[in-house]
Structures are given as structure tokens and as C-alpha cells.
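Engineer: Before I ask anything, let me first share the structure, which is written out below as C-alpha cells.
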Amino acid sequence: MRTLWIMAVLLVGVDGSLVQLWKMIFQETGKEAAKNYGLYGCNCGVGRRGKPKDATDSCCYVHKCCYKKVTGCNPKMDSYSYSWKNKAIVCGEKNPPCLKQVCECDKAVAICLRENLGTYNKKYTIYPKPFCKKADTC
């Protein structure tokens, strides 16, 4: 029951590219993003930061660093266009430069998570934030 409540809280106020990110993750990994990665390790999910626990968590760390480089839009809220062609993510060419960057960040993390499915460890699925050690800066 606690897990369902946490997932409901994560979904409240979700908009824009966050929904697109979750869709990309599902397309690449076959895993429901909020359920499997919403509180994974120290870096997956909103407001989480710390030394990565494994390669899966490292994907999220790199994604946060990618978002930090984006200027001119809100990576978590502003929508962009992309398509799924021949089992590949294709960011829309008509996206403004900022949203093109956001799409590429999201595409990279989705692919990284797929490439590291073998490192996914259920013990990190709902990992307590206090157990995370300070991470290096991006």
C-alpha cells in the first residue's frame, strides 16, 4: 500500500517532458518508469542526488548532469516532439534548440537504462535518500 501511495504522489503534477521521458524509458526498457525508476538508487527520480549505486543509477546521474546544461526552457515541464521509428527514438527536428537538448538528454538516459538492464537491482528500487553519499559535481 505504501508503494502505491508513493507512486500516486510521484504522478501528481507530472507534465511536459517528464511524461515523454517515462514513455521513452518504457519504449526502450519495457519497464514502467515511475514504478521501476521513480525512487531507484540515489539519482533516479525528482529531487534525488548522490553517489550512484550501480550502472543503472549512473544513467540517472548523467541525465541530471545533462539537464543542468540545458538553458532557455524547463526540462521537466516543457514538451517536445519525438517519434519511435524502427524501435529507435527520433527527436523532432522542429523542436527549438532548448527542447532538442532536453529530448536528446531523455533519449540518452532511456538508451542507457536499456543497455544497463543487467545491473538493475530490486534492492535499489525504493532506496532511502539518507543512505546516499554526496556525489561529485557534474
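In case you wondered, yes, glycine gets a Cβ from its N, Cα and C as well.
Annotation comment: Swiss-Prot describes His63, Asp106 as active site, evidence class similarity to another entry. Taken from Swiss-Prot, the feature Ca(2+) binding site applies to Gly45, Gly47. Residues or ranges marked as disulfide bond by Swiss-Prot on the basis of experimental evidence: Cys42-Cys132, Cys44-Cys60, Cys59-Cys112, Cys65-Cys138, Cys66-Cys105, Cys73-Cys98, Cys91-Cys103. According to Swiss-Prot, the feature signal peptide maps to 1-16, an assignment based on experimental evidence.
Could you place these features in context, so I can see how deep they sit and what lies close by?
Structural biologist: His63 (active site) falls within a helix when secondary structure is assigned with DSSP. When other Cβ atoms within 10 Å of the Cβ of His63 (active site) are tallied across all protein chains shown, the result is 21.
Of all Cβ atoms in the shown protein chains, 26 besides its own fall within 10 Å of the Cβ of Asp106 (active site).
Taking the Cβ of Gly45 (Ca(2+) binding site) as centre and 10 Å as the limit, one finds 20 other Cβ atoms among all the protein chains shown. According to DSSP, Gly45 (Ca(2+) binding site) sits in a coil region rather than a helix or strand.
The Cβ of Cys42 (disulfide bond) has 25 other Cβ atoms within 10 Å, all protein chains considered.
For Cys44 (disulfide bond), applying a Cβ distance below 8 Å and a minimum sequence separation of six or more within one chain yields Tyr37, Gly38, Thr56, Asp57, Cys59, Cys60.
The DSSP secondary structure for Cys112 (disulfide bond) is helix. There are 18 other Cβ atoms within 10 Å of the Cβ belonging to Cys112 (disulfide bond).
Counted within 10 Å of its Cβ, the other Cβ atoms near Cys138 (disulfide bond) come to 11, all protein chains included.
Taken residue by residue with DSSP, Cys105 (disulfide bond) is part of a helix. The C-beta environment of Cys105 (disulfide bond), restricted to residues of the same chain at least 6 apart in sequence and closer than 8 Å, consists of His63, Cys66, Tyr67, Val70, Pro75.
The local packing around Cys73 (disulfide bond), expressed as other Cβ atoms within 10 Å of its Cβ over all shown chains, amounts to 19.
Of all the Cβ atoms in the protein chains shown, 24 others lie within 10 Å of the Cβ of Cys103 (disulfide bond).
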Engineer: Check the DSSP secondary structure of Cys132 (disulfide bond), expressed as helix, strand or coil.
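Structural biologist: Where Cys132 (disulfide bond) sits, the three-state DSSP reduction gives coil.
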Engineer: Can you grab the distance from Cys138 (disulfide bond) over to Gly47 (Ca(2+) binding site)? Cα atoms, rounded to a whole Å.
Structural biologist: 15
Engineer: When DSSP is mapped onto helix/strand/coil, what comes out for Cys73 (disulfide bond)?
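Structural biologist: DSSP assigns Cys73 (disulfide bond) to coil.
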Engineer: Please report the Cα separation of Cys91 (disulfide bond) and Asp106 (active site) in Å, rounded to an integer.
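Structural biologist: Cα of Cys91 (disulfide bond) to Cα of Asp106 (active site) measures 10 Å after rounding.
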